[in-house]
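One structure below.
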Amino acid sequence: MSRTLVLVRHGQSEWNLKNLFTGWRDPGLTEQGHAEAKAAGQRLKAAGLKFDIAYTSALSRAQVTCQHILDELGQPGLETIRDQALNERDYGDLSGLNKDDARAKWGEEQVHIWRRSYDVPPPGGESLKDTGARVWPYYLHTIQPHVLREETVLVAAHGNSLRALIMALDGLTPEQILKQELNTGVPIIYRLNADSTVASKEILSA
């Protein structure tokens, strides 16, 4: 038995492809995104993993990614909890805008600050710090107890909600986490110690 947590960012979405701010909007996966999600499941299967429970967000791109992974593992009916606590960072007034159009409207420097600062939210939206303030407590109270019971847990979510988890798990500073890119459909496998600290981390890239 092992205390195993697997994090996967959803496969490429239609809006990733169009370079739009997505946030809590709900576009579907591209053909490539479906393939990325299935490939993630295949890599997890090759690694010999089976899950006891899965968590995902309230957004379909993460839910479909989660389902593809479970299908590839032969676990299509596994208990899966969907919760908006794991949703992507809310980009507020930027949601649905092309990133170049946003730069034209607010200026390149301001948009860069909204995208790449830790604690400055866009109008009507969340900063990465705000995102972490909902994601990390949900992890501690809901997900981590399963892992510490020596279960294997899947979390299929989003770039920034997963960044918030990785920042806390890895003990990173805001500056360090902002430099971390999470590729779509690439599983990250954490093994935890009994005291909830990280024993090992492995990235299952193609």
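Counting begins at 1 with the first residue displayed.
Cβ from N, Cα, C; glycine included.
Swiss-Prot lists 9-16, 22-23, R61, 88-91, K99, 115-116, 159-160 with the feature substrate binding site. Of all Cβ atoms in the shown protein chains, 14 besides its own fall within 10 Å of the Cβ of K99 (substrate binding site). Following the DSSP three-state reduction, the secondary structure of K99 (substrate binding site) is helix.
Annotation note: H10 (active site, tele-phosphohistidine intermediate) sits in a coil segment as assigned by DSSP. What Swiss-Prot lists as active site, tele-phosphohistidine intermediate is H10, and the listing cites sequence analysis.
Taking all protein chains in view, 27 other C-beta atoms sit within 10 angstroms of the C-beta of E88 (active site, proton donor/acceptor). Annotated active site, proton donor/acceptor per Swiss-Prot: E88, in sequence order, evidence recorded as sequence analysis.
Secondary structure at H158 (site 'Transition state stabilizer'), as computed by DSSP, is coil. Under a cutoff of 8 A between CB atoms, and with a sequence separation of 6+ in the same chain, the neighbours of H158 (site 'Transition state stabilizer') are R9, H10, S57, L59, A62, L86, N87, E88, R89. The feature site 'Transition state stabilizer' is assigned by Swiss-Prot to H158, with sequence analysis given as support.
Taking a C-beta cut-off of under 8 angstroms and a sequence separation of 6 or more, G23 (substrate binding site) has the following same-chain neighbours: E88, R89, D90, Y91, G92, L94, S95, G125. In sequence order, R9, E88, L182 are the residues near G159 (substrate binding site), counting only same-chain partners six or more apart with C-beta under 8 A. DSSP assigns W15 (substrate binding site) to a helix.
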